[in-house]
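One structure below.
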Amino acid sequence: MADAKAQKRQKFDNVFPKLREELLAYLNQEGMPQDAVSWFQRNLDYNVPGGKLNRGISVVDSVEILKGRKLNDDEYFKAALLGWCVEFLQAFFLVSDDMMDQSVTRRGQPCWFRVEGINLIAINDSFMLEGAIYYLLKKHFRSEPYYVHLLELFHDTTFQTEIGQLIDLITAPEDHVDLSKFSLAKHQKIVIYKTAYYSFYLPVALAMYTCGVPHAPANDPYALAQSILIPLGEYFQVQDDFLDFAAPPEVLGKVGTDIVDNKCSWCVNAALARASPAQRRVLDDNYGLKDKEAEARVKALYEELGIRDEFAAYEERAYARIVGLIETIPAEGADVGAGDVRLKREVFKAFLDKIYKRQK
């Protein structure tokens, strides 16, 4: 199983150098100076590969499930290219996000803007990662009937993510703690816009367009997919927030920092919803401080308030809700109405199985 997963990743990884060469060839063809070409190559190599690649690989997985067969070389390349475009989008977000948050490390290495000699040039570097998406889409998909849908999908998703980022930045600035701005409703808004659209809806919608799934005036398959994937993305982020507090660092692979970073996390919002006035004071006095003892006091309060049990109950509710939504997709072999295009439950089950009760 692990071997199959490693092979799948390797096959996906092998597409990246081809895309990098196309992008660098474009700069060379435009007569750009060699130092600019080298800089762009370094930007690409440092920021695009190297993550978990879940978003990118899920485009390929979804195309395979929708087609119901192995992909030929051309189909695989096109699906992987779209997957890599999602990874380019993620890189664009992360490079700029790290600057806004003044983060120190990302994926076990210094954030790009902290690399010697980069500094604020990282702003333009992030723009170039975004621009690369549209160069690749035009080069490989311009003649496809769904090309405009791909463009709109990337543009819409980018704007949605930026709106989510704005709400997050003004709700929870690192240098000014004001828990009165926090609420579970606001947390939900941030999560849906900042994470769920680009991490969950985008990869599946890309797969649907490539497989020729059309929009429909009634029972639109894209609206149906979104109605399942947005709650799925919300559940994923709540899980992420909980693991930041509850998972041991050696399992999580990093040290959780949501408390000291004043993050508008599900945990603090769940605590605020349950806290007595005295407990609320503990949160007000200790949350968002760069102080180990203050962090320990917040964690102790989470334990006292039963945040672990609260999360376990949330997880079961979320799972049951998402399973129920998936079951609204007609089962294979069932009759579908005229004009309805068959979505496959398996696309969504694959996502849910990957994240249900995960430990990291």
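Note: Cβ is positioned from N, Cα and C throughout, glycine not excepted.
Under the heading isopentenyl diphosphate binding site, Swiss-Prot lists K52, R55, Q90, R107, citing similarity to another entry as support. Residues annotated as Mg(2+) 1 binding site in Swiss-Prot, with similarity to another entry given as evidence: D97, D101. Marked as Mg(2+) 2 binding site by Swiss-Prot: D97, D101. Positions annotated as dimethylallyl diphosphate binding site by Swiss-Prot, on the basis of similarity to another entry: R106, K194, T195, Q237, K254, K263.
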**Asked** At the level of the C-alpha atoms, what whole-angstrom distance separates R106 (dimethylallyl diphosphate binding site) and D97 (Mg(2+) 1 binding site)?
**Response** 11
**Message:** I'm trying to understand the geometry here, so how far is the Cα atom of Q237 (dimethylallyl diphosphate binding site) from the Cα atom of Q90 (isopentenyl diphosphate binding site), in Å to the nearest whole number?
**Reply:** 16
**Prompt:** Say you check the Cα of K263 (dimethylallyl diphosphate binding site) against those of the binding-site residues K52, R55, Q90, D101, R107; which is nearest?
**Reply:** D101
**Message:** Counting other Cβ atoms within 10 Å of each residue's Cβ, which of the binding-site residues K52, R55, R107, K254 comes out lowest?
**Reply:** K52
**Request:** Taking the residues R106, K194, T195, Q237, K254, K263, which the record names as binding dimethylallyl diphosphate, find the longest CA to CA distance and state it in Å to the nearest whole number.
**Result:** 21
**Request:** Provide the number of Cβ atoms within 10 Å of the Cβ of T195 (dimethylallyl diphosphate binding site), excluding the reference atom itself.
**Result:** 19
**Item:** Residue among the binding-site residues R106, K194 whose Cβ has the most other Cβ atoms within 10 Å
**Value:** K194
**Request:** Using a 10 Å cut-off, grab the number of neighbouring Cβ atoms around the Cβ of K263 (dimethylallyl diphosphate binding site), all chains included.
**Result:** 24
**Fill in**
Around the recorded isopentenyl diphosphate site (K52, R55, Q90, R107), other residues with Cβ within 8 Å of the Cβ centre, ordered by sequence, are G51, L53, N54, G56, E87, L94
**R107 (isopentenyl diphosphate binding site) and K254 (dimethylallyl diphosphate binding site), Cα-Cα, nearest whole angstrom** = 9
**Prompt:** Which has the fewest other CB atoms in a 10 Å radius around its CB: D97, D101, the listed binding-site residues?
**Reply:** D101
